[in-house]
Amino acid sequence: MFQFSSSGGIEEPSTCFDEDKFFQDLLQDFPTPEANNGNKKRSRIEHKEGDKTAPRLIEKQRRQEMTALYASLRSILPLQYVKGKRAVSDHMEQAVNYVNDMNKKIHELKKRRDMLKKSSDGSRSSNSTNTCVEIKVLADGLMEILISSSSIQGESFPLSKVLEDLLHRELNVIECVFTRDARCCLSKIHIQLNDSTSIDLSELREGLVNLIRLA
């Protein structure tokens, strides 16, 4: 609105409308294509950086796990396999050597076990074949048990188990004599029989033979 001056002329208002500033303020409220392109570009850059970061983290984790596995492997290997060797490749090679050596030792131990088992089975078979049990009743209520075997087999003869079996049968053992020469071993056992004692001699002999065979 115009005002009149004291001189009669028209005086413009002290404040005037600034069109340029108005349009600049108006444009700031609406994003320009250039601004949109800039935002998209920044988003793509951030996305690419994220894509690069994920593989790096995975690779870092993988390296940490491999380091822990190498350390565990080195702690298992005996000192003579890793002494003077620091490279991981050397440790891997020595681990293979260690496994191969262990397999050889296990194979050798199995062979020794089988040989000992066969020898033990043969010894038991020989015991049952070469060992002889004789039982007879003597005068004055005495019973005599004679157990004879070859000298070699006599070394492992289970005399203590025989005596234990007789005691378990409630027989009164009063004497036990063991003799050995170059060819055979002989065990002589005397048992005092009571009037009420009833013994099946064939059953007793069979029981002692089975005991010696299984010993």
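Cβ coordinates are placed from backbone N, Cα and C, and glycine is handled just like the others.
Heads up, TrEMBL stuff is auto-annotated, nobody curated it.
Keep in mind that what you see is a predicted model, and the values were worked out from it rather than measured.
When TrEMBL is compared with the stretches 8-35, 92-119, 148-175, the one noted as coiled coil is 92-119. If you average pLDDT over the coiled coil (92-119) in this model, you get 87.
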